[in-house]
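Student: Sharing a structure with you now.
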């Protein structure tokens, strides 16, 4: 008879190796920075296992493996999770958000497609969207920018006009009350003034970025990771790298149609309950498009997003 294998004694816990709670404040690949809930020094953490589903803003449980490192063992329940996706993969932005702030500028020419997609993402995740039009001191480009944003104002979206560099005090006065006490993600194309806005609202942002970058071992690549900054008046600002595309392949057709506020009052009036709002007879959305109540650019965005959702590899 074989002897039962001798049970190996449990390895002693690493220094401070008990499970503790914290919040993810930065992410770069599979590297995460966690701020302990007890206020101790931040840690570089890695997810347990090969697959990583951790996002900035997550409340997590971690186990310390050394003085300044740990492993994330559990993700707390999320209120929401914002991410973008193409037909093959998804990229997490952040979790547990209240608001989405998208930064545009009079120049360079901003992408209306990206603006529309960001607003749809906000609506689909029940986030309050805030649109900032920066560089209003570039007066020659201001009328065109206002004209392009007029349809969004008409839909009820909050559009703030400011000049972060030209009138920083006014910019701070407009933004601070809207951000206080809320977790807000900041999105914007390169060149829109997003970094300047972060530095205005978070005076020590550059120092914090250098510290986090060093902890992530990301060296000079300081703009390639998402990070969270606590705000003086409560709440947090989450800065995500400048982006040039915003896929929403993961949104179902049902979620998409409800993410257009101008569609919602009409959805119950289509002739067919499973109307796709593309070519169907008796479609209330298409009737509103024909008589000018819905902008052609908005319906075109809806049609494009429905097409993208049909291409996803599940």
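Yeah, the Cβs are placed from backbone N, Cα and C, and that goes for glycine too.
As annotated in Swiss-Prot:
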- 134, 135, 136, 137, 188, 189, 190, 191, 192, 193, 194, 195, 196: GTP binding site (BINDING)
- 270, 275, 277, 283: Zn(2+) binding site (BINDING)
- 85-246: domain 'CP-type G' (DOMAIN)
- 1-21: region 'Disordered' (REGION)
Student: Taking only the binding-site residues 270, 275, 277, 283, which one has a CA atom nearest to the CA atom of residue 192 (GTP binding site)?
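Tutor: For residue 192 (GTP binding site), the closest Cα among 270, 275, 277, 283 is found at 277.
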Student: I'd like the Cβ neighbour count for residue 277 (Zn(2+) binding site), meaning other Cβ atoms within 10 Å of its Cβ, all protein chains included.
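Tutor: That number is 24.
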Student: Could you state the whole-number distance in Å separating the C-alpha atoms of residue 194 (GTP binding site) and residue 270 (Zn(2+) binding site)?
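Tutor: Per the Cα atoms, residue 194 (GTP binding site) and residue 270 (Zn(2+) binding site) stand 41 Å apart.
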Student: Just going by other Cβ atoms within 10 Å, which of the binding-site residues 190, 196 has the emptiest spot?
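Tutor: Among the binding-site residues 190, 196, the lowest count of other Cβ atoms within 10 Å belongs to 190.
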Student: Do me a favour and check the Cα-Cα span between residue 275 (Zn(2+) binding site) and residue 190 (GTP binding site); whole Å is fine.
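Tutor: Pair distance, Cα basis, whole Å: 38 Å.
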Student: How many other Cβ atoms sit within 10 Å of the Cβ of residue 188 (GTP binding site)?
Tutor: 26
Student: Work through the binding-site residues one by one (270, 277, 283) and name whichever has its CA nearest to the CA of residue 196 (GTP binding site).
Tutor: 277
Student: Based on Cα distances to residue 134 (GTP binding site), point out the closest of the binding-site residues 270, 277, 283.
Tutor: 277
Student: Counting across all protein chains present, how many other Cβ atoms fall within 10 Å of the Cβ of residue 194 (GTP binding site)?
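Tutor: Summing over all protein chains shown, residue 194 (GTP binding site) has 26 other Cβ atoms within 10 Å.
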Student: Cβ neighbours within 10 Å, counted over all protein chains: which one of the binding-site residues 192, 270 has the most?
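Tutor: Result for the most crowded candidate: 192.
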Student: Work out the three-state DSSP category of residue 190 (GTP binding site).
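Tutor: Its secondary structure by DSSP: coil.
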Student: Return the member of 136, 188, 190 nearest to residue 283 (Zn(2+) binding site) in space, with distance defined Cα to Cα and candidates limited to these binding-site residues.
Tutor: 188
Student: Tell me which of the binding-site residues 136, 188, 190 ends up closest to residue 277 (Zn(2+) binding site) in space, Cα to Cα.
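Tutor: Nearest listed residue in space: 188.
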Student: Provide, as an integer number of angstrom, the distance between the C-alpha atoms of residue 190 (GTP binding site) and residue 270 (Zn(2+) binding site).
Tutor: 41
Student: What does DSSP say about residue 134 (GTP binding site): helix, strand or coil?
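Tutor: SS state of residue 134 (GTP binding site) = strand.
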